[in-house]
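Notes to accompany the following structure.
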Amino acid sequence: MLDAHNQVQAIMNFGFWQMWDPFQFFLTAVMIYFYVRFLKQEDPLDPVPLTKKLLFFSGCFIYLIAAGGPINFYGHHFLLSAHMFQQALMYYVVPPLLILGTPKYVFEAWINNKWMKKLLETHLIIYLLAFDLLFSMYHLPMFFDFIMSKYVVMVIAHLFLFVLAIQMWWPILNPLPEVASVSEIKRMACIILGAVLLTPACALVIFADHIIYAQYIGAPQIFEILTPIYDQQLSGIVMKFVQEISFGSTLAYIFFRWYRKENTVDPLERDSSILIHQKEITE
């Protein structure tokens, strides 16, 4: 790990392919390719809204910047806070953007496949607990230092957590009534639970009085005011802040959607009640 730091000479002299990961470029290109193919299947009378397209492409762009750009590079070699920012973007920002940006007819086509339908019929609480457990274990020093010291292991671990994060977000944002899903109340409760479950992992780095990850011991200090211990404390704050913004926004989105649903009167029921009321008046 320290050898990796010694190979990095001057911060401003890094080449393009040191700062950007070709593999992540490839993954992002694959996501965009299939999305564009799906867009060609849209109904001309019911086109995909521009908002959805912007959400998906924003998710792809943020994924590339976080997983394969400077945030990943500096987070791996120098700043734990940059690494935590990367993780927060990959698991709490990108998945909801990709799900919300995908046309509904794509998901409807998937449920015709029994294996895909089983995959979409996920249990929110199970994936929520699984993600938070594995994400917390990832940040234990013994696992973190090993993962960060091996590029292939790091990529596999990040992709695994990314897929698990999508599985966690899917039942929260599921737009398909055909797929078994949980009520809005349970979704909101699980979001609050998820915010609580991440707290121990953030507290581990916020309140530690020494550098807990060997990966960052002896790493060059980029900013004079940001000492290694301050960087470590900042990393936990950054992670928790991004998660709270993401979960808070989702909570508000689900609440107002539920509120509108509960306060929307069915036209047939409304007409029926009007007729009954008029009949009572005439009598």
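Placement of Cβ uses the backbone N, Cα and C atoms for every residue, glycine included.
Annotations in TrEMBL come from automatic prediction, not curation.
The following features are taken from TrEMBL:
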TRANSMEM  22-39  transmembrane segment
TRANSMEM  54-74  transmembrane segment
TRANSMEM  89-107  transmembrane segment
TRANSMEM  119-139  transmembrane segment
TRANSMEM  151-170  transmembrane segment
TRANSMEM  191-217  transmembrane segment
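At the 8 Å Cβ threshold, with sequence separation of at least 6, the transmembrane segment (89-107) comes into contact with the transmembrane segment (151-170) through 3 or more pairs. For the transmembrane segment (119-139), the neighbouring stretch richest in Cβ pairs under 8 Å, chosen from 22-39, 54-74, 191-217, is 191-217. Beyond the transmembrane segment (54-74), the same-chain residues lying 6 or more positions past its ends with a Cβ under 8 Å from any Cβ of the stretch are 14, 18-25, 27-28, 31-32, 35, 82-83, 85-86, 89-90, 93-95, 97-98, 100-102, 158, 162, 222. Note on the transmembrane segment (151-170): residues 23, 67, 76, 87, 90-92, 94-96, 98-99, 120, 122, 124, 127-128, 130-131, 134-135, 138, 194 of its chain, located 6 or more positions outside it, place their CB under 8 angstroms from a CB of the stretch.
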